[in-house]
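First up is the structure itself, then whatever we jot down about it.
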Amino acid sequence: MDSRWKLPFMSNKGTPEQPMRKPLSGSYSHNSAGPTPNMSPFEQKPPLPTHMDVRRPSGPFRIVKATSTEDALTNCIIVSPMDFKQQYIIVDNSRVFSTKPVPGFPQGCLGASQPHREWASWSLNQQVHVADYDPYGPHGAPYLHSMTLEVDFQNRNRTTNEPFDGEEMAKLFCSSYQSQVFSPGQKIVFDFRSYNIKATVRTISCVDLLIGENQDAENTADTSKRGLLTSQTEIQFFKAAHSALRLKASMTRPASNAILQPGFKFEDMGIGGLDSEFSAIFRRAFASRLFPPGMVEKLGINHVKGILLYGPPGTGKTLIARQIGKMLNAREPKIVNGPEILNKYVGQSEENVRKLFADAEREYRDRGEESGLHIIIFDELDAICKKRGSSGGDTGVGDQVVNQLLAKMDGVDQLNNILVIGMTNRKDMIDEALLRPGRLEVHMEISLPDEHGRLQILKIHTSRMASNGILENDVDMEELASLTKNFSGAEIAGLIKSASSFAFYRHIKVGTTAAVSGNLENIKVNRNDFLNALSEVRPAYGVSEEELESRVQGGIINFGKHIEEIITEGKLFVQQVKNSERTRLVSVLLSGPIASGKTALAATIALGSEFPFVKLVSAESMVGMNENARVAHVNRVFEDSYKSPLSVIVVDEIERIIDWVPIGPRFSNTLLQTLMVLFKKQPPKGHRLLILATTSERTMLSRMDMTQSFDAEIAVPNVSNVTELDRIIQSIDSFADSNVRADTLQRLQNFTGTDAVNVGVAKILMIAETAKQDVDVVSCFVEAMARAIPME
């Protein structure tokens, strides 16, 4: 057998007695695959034994103390040479140990140290069953790729403030215990620089050389797993909580207080549609905590202390904060709703803030940089951290809370073991000092999910339906993802609940009393259920269809060539906003006489864009509001539009919104300036906005220089002549007959003495509807139109 496959045997003093030995008794086949030169141990395959001489000890064995401290430090079970000749034994078919035969040791006994007895839950004089163990056999232990151990001083009365070199400790540990078997949870005491160090195996990762090469080893804390320590095993030490032991900052090994949970996987987070946001948060806030402290010290940087998550309601801000707490190997996060901080007693609100940081301060004083991470999560942060000086009242409680939070996060006594996560829907209300680097420096907008994100969310929320066979095959998740534009994650969850309610309702007997039908096993959620749910659940940041459709009740009548040209020009602006790389904002003014159809045309262009966000701003929605409330309302609509990738805002009758009247004249300059600013304000990167505004007072807007705020202007004229009037009244039932229309138009021309009309289309349609109620429709229509046509 090639001697390179022999592993060192432990001497009585716990050191290699000879460089190589046969791993098992018996003979080996000369045809077995052996190692080749220039191959690492993990690339080689050991030769396989042809037969094994395994002796089964008879009768139970009794647990006794190890013979000496030196023997206890070998991590071996002391046995009699008359009982065992093998190096490994398995006790009660669960714990594997290396053995050390000691002449004169009583037969039928196992000498176990205190760590052995603690790990195996043994009592002195306890009877156990023992068998030989073959780590190289088909059911043996694989080789350890890596192992993490938690260390502390065994004797709390004999410690030192001198930091230990973790790499030096790992080399000594590897050489002292090479070829021994280790499992998660196993306890061991070893000597390092004359100090007894107590270690507990936390996780291991194994590589089985017999079945594959270069396999990706995964860390596991499963106590049933075990592996064989080799000279190539990577060993990492982490100090125990509240331990006085100190480890030097390493340039190659991670921090001693690991930031991530063992075995953490990103795919287990269960966050749909937020992959890029979560990756950015991890890169900015946690990546530096994974690197060795020595490397971080060399860079001279501090870890990120605060993250601000902002965005519309229901988009997953709280979910990300909750999942971050699960991901990190830290204490249970302190979750605080903003208003809970406030208290009616003087000074108590500030005291509540100090209490949140008390544990972190205490541990940082005791352990310094070795302190564990403390996470504090503030929900509805804008409730307690408004801009200082903006709150009403003379108590100043809000300002004092902000001051206290600023001091705790980045004051004179800085803490480097905290992570504050704030969540809000109103980032604009947060005090600027809290948003600077050193405090809540990572600002992450959790916006509405795109189509790919919505598909992920739909799959997550319907996974249980699909796995249980309740989801019909006709449900296409990709179709639903395309139909749920601007739906937040919470609204998608509501959509699925609504679809389920339709499925439930099909199995309810409606009579004198509601009862469930017997065929419950046939409950299925199908495509029609989701389509019905889409008519019930509307996104908060979606299309104001009812408002806009009410402006185009009868549709658009192409009574003249200019109407088609206006629609075509409007479509060009829509395509410009959607596709142009240079213009993310386009504002268009539709001007014309009263009742000329400006609002209907603007609404038609907006609805035809099929943008996910379409809103109407009109004076109707602001009735009863004072000036400040109107400004806030208009600003809120524009802020909401910035949350959608593609948006259209229809601003109807600007002169009514700004309270303009010709007598005086009078108007609200605050509203005027607000609109002029918002019409020119560029949306954030990745967001596009089309503004369609209407006015019947273009001359007034020109005098106010407001027309300069628009990129383009479209004139919407009145109905000019009887030819255009004929095309309009064709759509009215009472004038469907061509002879009736010809008679009507001739009588109108005779009445007015001209073929000119110059009346708005909306006014004409209103006159026609009124005339339909009269017995003599034609006469009523002609008389009303004659009064409406302006006389020259």
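Cβ coordinates are placed from backbone N, Cα and C, and glycine is handled just like the others.
Record features, source Swiss-Prot:
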- 1-46: region 'Disordered' (REGION)
- 26-41: compositional bias 'Polar residues' (COMPBIAS)
- SER58: phosphoserine (MOD_RES)
- THR252: phosphothreonine (MOD_RES)
- 311-318, 592-599: ATP binding site (BINDING)
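Counting only same-chain residues at least 6 apart in sequence, those with a Cβ under 8 Å from the Cβ of SER596 (ATP binding site) are VAL716, PRO717, ASN718, GLY760, VAL761, ALA762. Of all Cβ atoms in the shown protein chains, 26 besides its own fall within 10 Å of the Cβ of LYS317 (ATP binding site). When the binding-site residues PRO313, GLY592 are compared by the number of other C-beta atoms lying within 10 angstroms of their own C-beta, PRO313 comes out lowest. In the three-state DSSP reading, GLY592 (ATP binding site) counts as coil. In the three-state DSSP reading, THR315 (ATP binding site) counts as coil. Following the DSSP three-state reduction, the secondary structure of LYS598 (ATP binding site) is helix. For THR315 (ATP binding site), the same-chain residues that are 6 or more apart in sequence and have a Cβ closer than 8 Å to its Cβ are ILE446, SER447, LEU448, PRO449, SER488, GLY489, ALA490. Around GLY311 (ATP binding site), a 10 Å sphere centred on its CB holds 20 further CB atoms from the protein chains shown.
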